[in-house]
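Taken verbatim from TrEMBL:
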type	residues	note
DOMAIN	24-506	domain 'Major facilitator superfamily (MFS) profile'
TRANSMEM	20-49	transmembrane segment
TRANSMEM	69-88	transmembrane segment
TRANSMEM	100-119	transmembrane segment
TRANSMEM	163-190	transmembrane segment
TRANSMEM	213-231	transmembrane segment
TRANSMEM	348-365	transmembrane segment
TRANSMEM	371-390	transmembrane segment
TRANSMEM	402-421	transmembrane segment
TRANSMEM	441-462	transmembrane segment
TRANSMEM	483-502	transmembrane segment
Amino acid sequence: MGKEQIEVLNALDVAKTQWYHFTAIIIAGMGFFTDAYDLFCISLVTKLLGRIYYHHDGAEKPGSLPPNVAAAVNGVALVGTLSGQLFFGWLGDKLGRKKVYGMTLMLMVLCSIASGLSFGRDPKTVMTTLCFFRFWLGFGIGGDYPLSATIMSEYANKKTRGAFIAAVFAMQGFGILAGGIFAIVISSVFKSQFSAPAYEVDPLGSTVPQADFVWRIILMFGAIPAAMTFYSRSKMPETARYTALVAKNTEQAAKDMAKVMQMEIGVAPKREEEQAQPHQFGLFSKEFFARHGLHLLGTCSTWFLLDIAFYSQNLFQKDIFTAIGWIPPAKTMNALEEVYRIARAQTLIALCSTVPGYWFTVAFIDRIGRFAIQLMGFFFMTVFMFALAIPYDHWTHKENRIGFVVMYSLTFFFANFGPNATTFVVPAEIFPARFRSTCHGISSASGKLGAMIGAFGFLYLAQNQDKTKTEAGYPAGIGVKNSLLLLGVVNILGFLFTFLVPESNGKSLEEMSGENEEEETKA
């Protein structure tokens, strides 16, 4: 590696924490705020969609989405996210982080708005439109994962890099919180304007026509935070590491960084012989697999296993709340009341366990390291899953509900003060700059694969073993108790696979990725 390159990158590694670090966290973090809002706000409105579009006259319970529709509405954004992570991750290494960054945001803004507009009024066209735009919304969100992580890791200094990347990811917690709060506000406003009886009193009258606006407003609101950061994103310079190590333009890298860091970085002009590019190994080469193969397996497997557990819990919070009686039976409420209750429960969980968990990671990641936090998180998630599952019948009694919710919140807390944050941080630190965004995309796409298994596997598995007690249209499952036991086993596997991932705490990116040695062997 040329002396000038090292000088630019060293300047970044030892830079004092400055204002530009915080603006980068906010700009990258707002993307994540929007991602979480968009991905999780759907769980606030699925019950409402069922009531509006799948009402059956004379049915004892309010309408609900048929299993295939529920799976499509919940899952299509995850499929989009997975595709976006792979595509934009690869593109971020090809075209540069900055160019691709604006594209993903624009896609998110347009598709947030479009998913709240539907062609036609019958259930089929409304759901098809919703699914189509949720897929492309997911595609944009997917691009945000590798790009935000890579940009933040390449901007940060050595000492606080973990906290900065984790802080970007922690904005997810605020996104989930904002979704819940916004849904509470909107449903309260509509509830006070349009009063309606409970479903059991008047099935048809319990869903006022105006309820159709509620889910649309909730989904479209996600466009606002994304649109607000679009201008700032377009003004961010390309990261110095991409410019110096991938585009091989050390002068430009020094200029960009001198501007944001308000300090002089000296660079000698390029000499002719330095401009000849030495051969570098490719992503699918033997050398890549020898150096980084196990690392990639480690980042992919741990993220995959974590998301099985994380998404199976997150998307079905509302079902768990109903099971323990935090949300009364659907027929005792009108449509808007139900949205309000679901949103309130989700907000409480986010406030008490999701948000604090993320910020605990931010506070401790550079002190105790990524590895320790990830192991600890998987360990406690296993403990609390088993503590919920083994005496499951005990928790279903009315007097033990609060205990159940506390245990359930703790599994969430340790997912976020644990592997949910570290699996995002580590892939942005341990791979060479020219593959960094691609490898992060592959790792996060493995996570989304796990999310799909968690979301849909759990939906079917958690059904009652007695066919007569399952939700409409579902086959008999293995029950909630056995599903939780299974998730405990998944967490044990996550704990074991963590041993494949190296500790990157306090080391420079070039040291972690082996780019220093790579260049030295050529010299």
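Keep in mind that glycine also has a Cβ here, set from the backbone N, Cα and C atoms.
Long-range contacts of the transmembrane segment (213-231) within the same chain: residues 26-27, 30-31, 33-34, 37-38, 41-42, 44-45, 48-49, 52, 102, 105-106, 108-110, 112-113, 115-117, 178-179, 182-183, 186-187, 190, 336, 339, each at least 6 residues beyond the stretch ends and with a Cβ under 8 Å from a Cβ of the stretch.
Here the transmembrane segment (20-49) has Cβ contacts under 8 Å with residues 62, 64-65, 70, 73-74, 77-78, 81, 104-105, 108, 112, 127, 134, 137-138, 141, 144-145, 148, 151-152, 155-157, 160, 164, 167-176, 178-180, 182-183, 211, 214-215, 218-219, 221-222, 225-226, 228-229, 232-233, 236, 260-261, 314-318, 330, 335, 338-339, 342-343, 346 of the same chain, all six or more residues outside its ends. For the transmembrane segment (348-365), the list of distant contacts is 162-163, 166-167, 169-170, 172-174, 176-177, 180, 317, 373, 408-410, 412-418, 420-422, 425, 505: same-chain residues at least six beyond its ends, Cβ to Cβ under 8 Å. Mean pLDDT, taken over the domain 'Major facilitator superfamily (MFS) profile' (24-506), works out to 85 on the 0 to 100 scale.
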